[in-house]
Amino acid sequence: MLITMASMSPSKTQGQTLLLRSPLLHSSNFKTHVFAFLTNNKRSQSASLKIGVVSKLKTITQKEKETPISRKIILSEGKVPTLSEKEEVSTKSQKKTEEIPVMGLLKKMPRKIITALANLPLAIGEMSTIAALMAIGTAIDQGEAPDYYFQMYPEDSPLYGIFSWRWILSLGFDHMFSSPVFLGMLILLAASLMACTYTTQIPLVKVARRWSFLNSAEVIKKQEFTDSLPKASVQDLGVILMGAGYEVFLKGPSLYAFKGLAGRFAPIGVHIAMLLIMVGGTLSASGSFRGSVTVPQGLNFVMGDVLAPNGFISNPTKAFNTEVHVNKFSMDYYDSGEVSQYHTDLSLYDLNGKEVMRKTISVNDPLRYEGITIYQTDWSISALQILKDNEGPFNIAMAPLKLNGGDKKLFGTFLPVGDTDSPNVKGMYVSVFYLLHHFPILAYEPRSMLARDLQSIVLYDLEGKFAGVRRPNSKIPIDIDGIKITIVDAIGSSGLDLKTDPGVPVVYAGFGALMLTTCISYLSHSQIWALQDGTTVIIGGKTNRAKIEFPEEMDRLLDQVPEIVNSSSLQKSFDSL
Amino acid sequence: MIFFTLEHILTHISFSIISIVITIYLMTLLVHEIVGLADSSEKGMLVTFFCITGLLVTRWIFSGHLPLSNLYESFMFLSWSFSIIQMVPYFSNHKNNLSAITAPSAIFTQGFATSGLLTEMHQSTILVPALQSQWLMMHVSMMILSYAALLCGSLLSVALLVKILYVNERINFLQNTSFLLFRNYHRHQLIQQLDRWSYRVISLGFIFLTIGILSGAVWANEAWGSYWSWDPKETWAFITWTIFAIYLHTRTNKNLQGTNSAIVASIGFLIIWVCYFGVNLLGVGLHSYGSFTLTSN
């Protein structure tokens with residue numbers, strides 16, 4: 001919350017008003033109430049009118065709802081709080097905080113622990129440790145069986161002479177990102193974040209918001225940037241500064257202006273956003289459900305059968321009873337023949353068999369229903385539908401074949417040799433099983449069919465020689481060693497991932513807050529003091545971040561201050577002070 | 001075909017101009033201020049910027065998607081970002097001492113991209129289904145921009161360290177005074193300027209990095225249902241973020257400022273390269289689009 005005050009004292013010659021129009025006051029961030037009160041002061045002869053402006057700053061953080069902390073400070077003439085020197089708050093010093101009801105609980109905790117946690121070198125050490133642990137986590141393969149580690153890091157020739165598998169497994173480095181060491185460091189970092197925000201950042205806000213006048217020229221001249229303008233008036237400077245976006249306060253010959261105060265608040269927002277993300281991440285880790293399923297076109301499954309809990313507070317919802325039906329699986333292709341997108345047309349039915357939702361999903365376009373999301377992640381070919389000598393159609397299962405390297409897929413099947421009238425079910429399963437283990441010999445199997453995608457099927461004859469390519473739905477038969485085969489359809493199956501995650505809204509809120517507050521903390525908090533010393537104006541200023549741009553900006557602004565040449569107008573301007 | 005030749009021409013033009021510009025800078029370093037040339041080097045950088053922009057636009061039109069889908073394209077984008085960073089201070093009327101860092105960086109990245117190591121990636125390729133998303137533009141461009149800014153800033157810090165060590169040694173050689181007593185006012189000014197520039201550029205890069213990582217996380221959630229899966233590239237991006245957060249924090253405390261923050265930023269330089277390049281050499285994980293094998297051609 002911000003208080004600005006202007007003092008208007010009617011002089012003998014004319015009523016001079018110094019109204020400060022600050023752009024900030026009228027922006028949407030502030031709700032302004034203006035009230036004025038007249039005081040009669042015994043010390044001065046004239047009545048002075050005080051105008052106090054009380055504004056409520058709309059805060060950025062998500063945690064504070066629509067109840068901003070508002071306070072009113074009423075100031076009277078002559079008792080302006082002057083700090084002769086505004087000091088930089090060092091992170092190591094302790095600041096006394098005012099009573100805030102919410103924080104009252106925390107006062108019970110020993111003060112020493114909080115201060116110890118908020119120590120900056122400790123925080124830097126924690127961050128470095130976390131970074132180092134993450135780097136180790138990428139260097140060591142995660143999630144393998146213990147056997148793997150026995151082989152990779154044997155005891156008789158350990159890494160760098162010391163690190164054998166014992167180190168890795170006992171410290172939990174094989175599952176680094178859920179190991180106690182790593183999670184412990186994260187918790188410690190979170191504690192430090194909270195302690196730092198409480199002890200350092202919040203008092204910083206109060207100190208930064210207090211405005212102060214410097215009344216001595218020597219002190220002003222000691223600032224980082226300093227200049228003096230002969231034959232100028234401090235009011236002109238004030239007007240120029242206001243035009244440049246500063247909030248200006250004038251008291252007698254003394255001026256104080258600042259800009260970019262949000263840049264001081266934003267780091268608090270950053271820390272709070274990070275805490276929010278951590279909370280969301282914890283919720284995700286402890287309360288989500290996930291599952292994967294490959295469903296051939298035309299079949300269906302129940303969500304609850306697929307989703308498995310992923311934490312200890314996972315609770316299934318009513319939506320888990322929904323039945324998902326894969327109506328159609330299709331793929332789009334580029335002109336070159338490569339796959340451009342997969343689509344699955346899904347229908348959701350509730351317990352009563354009523355269709356509640358229908359959507360075609362593709363990669364990057366999932367289906368969302370009552371907190372459960374279905375993603376298109378994979379695909380395969382489940383069966384070929386063929387006509388054999390115009391009889392059929394027969395469904396022949398296709399099995400995936402393992403290729404060396406790459407993520408291209410290949411599916412194969414073959415037409416069993418023998419009487420098609422006899423139920424050759426056992427033979428079919430055997431042949432698929434055979435396929436999986438004996439791919440190199442496939443080319444020599446009778447009448448085999450290979451497919452890379454749903455577009456075209458490649459057929460081989462009894463000797464394993466290439467016989468032809470057919471597209472499903474083209475209805476063109478192919479003759480292979482006496483048998484006429486027509487490919488009717490290639491039936492695909494869709495690989496779907498299901499997930500429900502209660503932490504996602506919290507995490508997204510944290511992300512948004514983090515992005516916003518990081519951008520805002522780029523702003524630099526600049527402060528300018530000026531003093532009218534005779535006909536000269538002495539200016540001093542400092543800024544916390546934009547130390548390069550600040551002197552140049554100041555030079556530009558000071559060049560715009562008009563030089564007063566007429567001595568009588570100069571006299572007039574001094575009568576008003 | 002015409003696009004291909006156009007690309008070729010633009011690449012060569014920009015490459016040659018940057019070489020000329022760097023030669024001019026080197027000359028002005030060794031032989032004092034040749035005024036006429038100083039201006040032409042600025043113009044040279046402008047032309048380079050337009051060339052690389054033209055290159056990227058051509059690729060965009062030709063392939064139908066933003067040119068950011070493999071390592072070659074991201075390198076070209078990186079050199080484009082360097083040329084932008086080069087030009088920003090020029091347009092806001094600051095004295096341009098960043099150019100000594102950005103111009104060579106632009107040429108090195110471009111040179112590497114067009115070199116024989118990555119020839120199989122020069123052709124524009126189609127996007128796999130997982131990359132067909134609006135998020136591609138936001139996430140990848142933010143990440144590359146942030147790499148450019150952070151690389152600049154950390155190079156400035158390295159320069160700062162070199163300067164400090166050099167000055168320190170000279171002073172120790174001349175007389176046994178403490179580090180803070182500078183005989184040469186201008187050297188002190190330069191060090192201060194380097195320090196402040198590096199802080200400002202790294203802050204900007206940090207913002208872009210934050211936005212890039214978070215947009216990547218949101219995209220991952222939309223595509224695969226998990227906003228963070230400890231993929232090597234993600235983890236290293238987070239490590240980079242952490243290092244530069246440490247850098248920003250060391251600067252809040254006056255005791256640690258100066259040399260210590262420069263050391264952190266220099267470590268950050270190495271880490272960015274591991275994140276951007278080193279992880280791709282592994283070729284595994286969700287970010288395998290950027291991977292390649294070093295072919296000796």
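Including glycine, each Cβ sits where the backbone N, Cα and C put it.
Confidence in the domain 'Cytochrome c assembly protein' (B:68-287), given as mean pLDDT, stands at 76. Here TrEMBL flags B:68-287 as domain 'Cytochrome c assembly protein'.
If you look up TrEMBL, you'll see B:12-32 (among others) marked as transmembrane segment.
What TrEMBL lists as transmembrane segment is B:44-62 (among others).
As annotated by TrEMBL, transmembrane segment applies to B:74-91 (among others).
Per TrEMBL, transmembrane segment is recorded for B:138-162 (among others).
Residues annotated as transmembrane segment in TrEMBL: B:197-220 (among others). Proximity of distant same-chain residues to the transmembrane segment (B:197-220), defined by a Cβ-Cβ separation under 8 Å and at least 6 residues beyond the stretch ends, is recorded for 85, 97-98, 133, 135-136, 138-140, 142-143, 145-150, 152-154, 156-157, 160, 226-229, 234, 237-238, 240-241, 244-245, 247-248, 251, 261-262, 265, 268, 286.
The transmembrane segment feature in TrEMBL is assigned to B:235-250 (among others).
Sequence-distant contacts of the transmembrane segment (B:262-286), counting only residues of its own chain at least 6 positions beyond either end whose CB sits under 8 Å from a CB of the stretch, comprise 71, 147, 150-151, 153-158, 160-161, 164, 195, 198, 202, 220, 224, 229, 231-234, 236-237, 239-240, 243-244, 246-247, 250, 292-294. TrEMBL lists B:262-286 (among others) with the feature transmembrane segment.
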Legend entry - Other parts of the chain folded back onto the transmembrane segment (B:138-162), taken as Cβ under 8 Å at six or more residues beyond its ends: 66, 68, 74, 77-78, 81-82, 84-85, 98, 101-102, 105, 191, 194-195, 197-202, 204-209, 211-213, 215-216, 219, 237, 240, 244, 259, 261-263, 265-266, 268-269, 272, 276
